[in-house]
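Per TrEMBL, the features are:
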{"type": "TRANSMEM", "residues": "12-33", "note": "transmembrane segment"}
{"type": "DOMAIN", "residues": "22-296", "note": "domain 'G-protein coupled receptors family 1 profile'"}
{"type": "TRANSMEM", "residues": "40-70", "note": "transmembrane segment"}
{"type": "TRANSMEM", "residues": "76-95", "note": "transmembrane segment"}
{"type": "TRANSMEM", "residues": "128-149", "note": "transmembrane segment"}
{"type": "TRANSMEM", "residues": "191-216", "note": "transmembrane segment"}
{"type": "TRANSMEM", "residues": "247-271", "note": "transmembrane segment"}
{"type": "TRANSMEM", "residues": "277-298", "note": "transmembrane segment"}
Amino acid sequence: MDYHYYFNAYGFLVLGTFLVIFNVPVLAVVLYSRKLRNQYGVIIITLFNSSLIGVVCTGNGIWSFVLYATGRQDDLLTIAECFYNPLTFLFLWTFPMAGLGLLLNSIDRFLVITFPISYFHYNTKLVGALNIIAIITNAMIVLGSCYISSLHRPSTTLVNVFCKYVFARAAFLIFFSSSSQNEIFTRGTNIFLTGIKAVFALLAILLMFVVLVIFLKCNRTKPPATFLADESIKRFKAKQMKYTKTMLISCAATLVIFIAPSMMAVVAIWLQMSPHMYVWTRFVCFLNFFNITILLIYRQSDIRWKLFKIVNFIFCKKLSLATSDGTLSFTSHHHAVNGLHSKAMNSRREM
């Protein structure tokens, strides 16, 4: 096996595993808490998409090792068989949603900073509507691409067993290949999918720039009397403004670790530079799926506190073995601390 194959297989496996480790706990915390769902409802799609990408990448790495170990890396499949592979379809689903999720979040921040009172009253409905629109839009893009591709390439066309690999390449703007017959989509469809994803990401950044301008303008003006009179609205605004700052930082990080490497890949392909450039830019772009999660943990105290409580419950729970009757009893660290505290209080009373 060539070292290039090792690098790809290990890269997908390691990055996929870390994507799951970072994104799934935050997604679970936001889904579990009603307050967090109301405040971070739109980001659920992005967190779910990043978690799904982690699962797919992990499965991709494992599947690659299996194929290489059994010597089946040069096998051929039909396009129809490629779509029957869940990893293939999920890869296709996730990479348009990556850019669409960024745009969705930018729209949410634009609404909250432009119409704060209306957003406060209709938060749940707005979040639900945005999520539904995103899912429908992504489904139309994915299914439309599959349908258009089926019109130009029959389902019996043979492609390489790594047919899904084209999705990963297309997602990072490295779809220019001289062996297009090995890809399940036509060149035009690949360009459309990659282009629409790039357009979503660029629109998200441009809209967040508008949000930044409005945000700076709002800081220089006196807030409406409603914010000063109603404590719940005041707290809501404070949390939303902090969250908006987090998303502005995330947008800057996206520009550096996602769009810039993608443009470097395009230049490398256009100038026929070393193919290793494609591999490195691809995995650098993967870092963007850690972006929002890490910033949420670092900057949003409510999410960080919920995660801390879960980690404390899981890792601070200790086992104490009782030999009476040959049975095991389980005592948590929390109960043990409470017991010591009670003993200390009793001893103080006796003194």
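Quick reminder: no glycine exception, Cβ is built from N, Cα and C everywhere.
It should be emphasised that the depicted structure is a prediction, and the values quoted were computed from it without experimental measurement.
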Legend entry - Same-chain residues at least 6 beyond the ends of the transmembrane segment (40-70) whose Cβ lies under 8 Å from its Cβ atoms: 1, 5, 8-21, 23-24, 26-27, 30-31, 87, 90-91, 93-94, 97-98, 101-102, 104-105, 108, 123-124, 127-128, 130-131, 134-135, 161-162, 164, 168, 243, 286, 289-290, 292-293, 296, 300, 303
Inset, instruction - Find the average pLDDT over the domain 'G-protein coupled receptors family 1 profile' (22-296) in the predicted model and report it. - result: 79
